[in-house]
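Undergrad: Before I ask anything, here is the structure I am working with.
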Amino acid sequence: EVHGHSVHTLVFRSLKRTHDMFVADNAKPIPLDEESHKVKMAVKLRTEYGSVLHMPTLKENLREKGGPNTGDPYGHKQYSGNQGQELEYVVTGTHPYPSGPGVALTADTKVQRMPSESAAQSLAVALPASQSRLDANRTAAGVGDIYRHAGISERSQPSGMSVAMVEAGGNKNSALMPKKAPTMPKPQWHPPWKLYRVISGHLGWVRCIAVEPGNQWFVTGSADRTIKIWDLASGKLKLSLTGHISTVRGVIVSARSPYLFSCGEDKQVKCWDLEYNKVIRHYHGHLSAVYGLDLHPTIDVLVTCSRDSTARIWDVRTKASVHTLSGHTNAVATVKCQAAEPQIITGSHDTTIRLWDLVAGKTRVTLTNHKKSVRAVVLHPRHYTFASGSPDNIKQWKFPDGNFIQNLSGHNAIINTLAVNSDGVLVSGADNGTMHLWDWRTGYNFQRVHAAVQPGSLDSESGIFACVFDQSESRLLTAEADKTIKVYKEDDTATEETHPVSWKPEIIKRKRF
């Protein structure tokens, strides 16, 4: 008789079955079985090193293993090249030498005995063969002849193969070492960050943010077409600059001159003199909205990136376009500069990252690992590395060639911005208002933040467009879609005991791409 069960009961039973199936910790490596490991190693020895197992053992190896009669754990017979004779296989020179500087060379003080004839013959067999010796082996005497000359019985194997095996045997036998599964290193503990100030004043989305080098004030650009300058300590508005006729998408303050640079969706790139609070230069050339900009740290060069699929390099003083970096096939969303090569890094909606040669104005390397738009790139302030953010993954790379380091997975959203400080705290801000904080070295996600939107805003207006650490790296500022700037600081009361790292040394399953 079939009993009818409610959907709730069936779902509960299914969950229980699933739980029972996966309750075991499958991430743990299987314990090593000694017997099977011995069989495996014996097979490896026979197949890979069978042709050289009969060769005489080096004297230093015999000393390590406790003499020539020590048994092989894998059941192989130990062969000795010259029974009854003293083995002198390790020859470190051809002439004896005194035991120290200034000591006369006499029969008592000389350190090295001259090798005997049998040792020289054994050495000829045991040392790795050079390429010239391999080539000469085609016409010269084979290994069998050398063995017969040394008075050792020849084993039944082709001579060429044995020489090749001796050649390969020059290195340590890494194939015989048991491989250990890689484990994730323990992440460094970082205190959690907490929201302590919300600054409002803009009438549109706050799209970009930058802190001035003196750490006294910061600047924001918004969809309300204004640029606002705020006091960093109090959060009060100091100044509003108007001039753009569309959304302001990028701002940066020069450390070398009293200039502020801005760019926007009106295709304009402006240089503001902060002594007069006026525009003093325009940089004309982009054919569409300008999405980002950065200043070179050591030379007076400005780099901008645009929806017209190019990045442009400008001479700050003359307003001349030095180079147009073309190669991307879609909008270039982000650009970064550094003093070391490669000096310019761009991320694009065509899913690629390009590392550029500033002098030639050409691509050095194109990184194609991302599957979706790259909207954010950040350079580590101390390490020669950088990170890129995309909806598929955050990826870390090594300069100068863009070698892949690791994936930081888990922030499943459109990542608009990345910031990193010297302590190794990486922040990723997303279009849905979530902010994840990561340990740079291990890629461990130690905190997730989703701050409430400003009262009166829709929940859909929860989005982070830009974030930056101040110069002291003790404050984190975010520019958001609810028209506010949020300021975070480290929780001073937190300790490793109150906020432990919930970390398990699990086996890494990293995707390469």
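In case you wondered, yes, glycine gets a Cβ from its N, Cα and C as well.
Here TrEMBL flags 199-240, 241-282, 283-324, 325-366, 408-448 as repeat 'WD'.
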Undergrad: Below 8 angstroms Cβ to Cβ, which residues of this chain, lying six or more residues outside the repeat 'WD' (408-448), approach it?
TA: 184-190, 192-193, 373, 375-383, 387-391, 393-396, 462-469, 473, 476, 478, 480-481, 501, 503, 511
Undergrad: Do any residues of this chain, six or more beyond the ends of the repeat 'WD' (325-366), have a C-beta under 8 angstroms from a C-beta of it, and if so which?
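TA: Tertiary neighbours of the repeat 'WD' (325-366) are 288, 291-298, 301, 303-313, 372-379, 384, 386, 388, 390, 397, 399-402.
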Undergrad: For the repeat 'WD' (241-282), what does DSSP give as the number of helix, strand and coil residues?
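TA: So the repeat 'WD' (241-282) is made up of 0 helix, 24 strand, 18 coil.
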Undergrad: Summarise the model's confidence over the repeat 'WD' (408-448) as a mean pLDDT value.
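TA: Looking only at the repeat 'WD' (408-448), pLDDT averages out to 95.
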Undergrad: Of the residues in the repeat 'WD' (283-324), how many are helix, strand and coil by DSSP?
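TA: The breakdown for the repeat 'WD' (283-324) reads 0 helix, 22 strand, 20 coil.
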Undergrad: Do you know the DSSP helix, strand and coil residue counts for the repeat 'WD' (325-366)?
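TA: Looking at the repeat 'WD' (325-366) with DSSP, the answer is 0 helix, 23 strand, 19 coil.
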Undergrad: Based on DSSP, tally up the residues of the repeat 'WD' (199-240) by helix, strand and coil.
TA: 0 helix, 24 strand, 18 coil
Undergrad: Can you tell me how the residues of the repeat 'WD' (408-448) break down into helix, strand and coil by DSSP?
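TA: DSSP composition of the repeat 'WD' (408-448): 0 helix, 23 strand, 18 coil.
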